[in-house]
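The following features are taken from TrEMBL:
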type: DOMAIN; residues: B:18-82; note: domain 'Glutaredoxin'
type: BINDING; residues: B:C31; note: [2Fe-2S] cluster binding site
Amino acid sequence: MPMAAADIEALIVAGIPDARVEITDLAGDGDHYAARVVSASFAGQPRIKQHQAVYAALGDRMGGVLHALQLTTAVE
Amino acid sequence: MTDQTQERIAGLVNGADVLLFMKGSPLFPQCGFSSRAIAILQHLNVEFDSVDVLQDQEVRQGIKAYSDWPTIPQLYVKGEFVGGSDIMMEMYESGELAQLFADQGVTPA
């Protein structure tokens, strides 16, 4: 089941309240997205931890319905 | 994950300097992300081993708990989890991945 871009963004912001999220629908099929997440909370964290924070916000959807999310993170 | 699966994964991870858990094989990657990971490793010209998780359901599920990472591919260098294909791409573009391999004394292919 694909997910709407707005739902992905809402989940990320629920988990990381100060996050600025840009979602791009890569294939136009509601199934292949790129997400860029910028947050001050990432400061001082290695990239793995930044990605894990986003994955935690997405819960078990990541790797499941969201098997094709291309993720970029950056510090505010 | 059973202890046995955990042990098997630990054995795989510690048994190769550079190990990629992927879908498919280096010659026939079965998803775009795995294909991208292979391309990066080949560009950096390092010797690596790979595990095809599609051939082993226990490893396919177990590796996600082992690394606390929900997706495949996953790159390990000297037993340490580095990240998935997005992190590999970011590190490749910034030169960090080449630096990591150099620092770890990884064998060129």
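Positions of Cβ are set from backbone N, Cα and C atoms, glycine also.
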Mean pLDDT for the domain 'Glutaredoxin' (B:18-82), as a whole number?
96
Nonlocal residues around the residue listed as '[2Fe-2S] cluster binding site', in sequence order (Cβ under 8 Å, 6 or more apart):
B:K23, B:G24, B:I72
Mind tallying the domain 'Glutaredoxin' (B:18-82) by DSSP state, helix then strand then coil?
26 helix, 19 strand, 20 coil
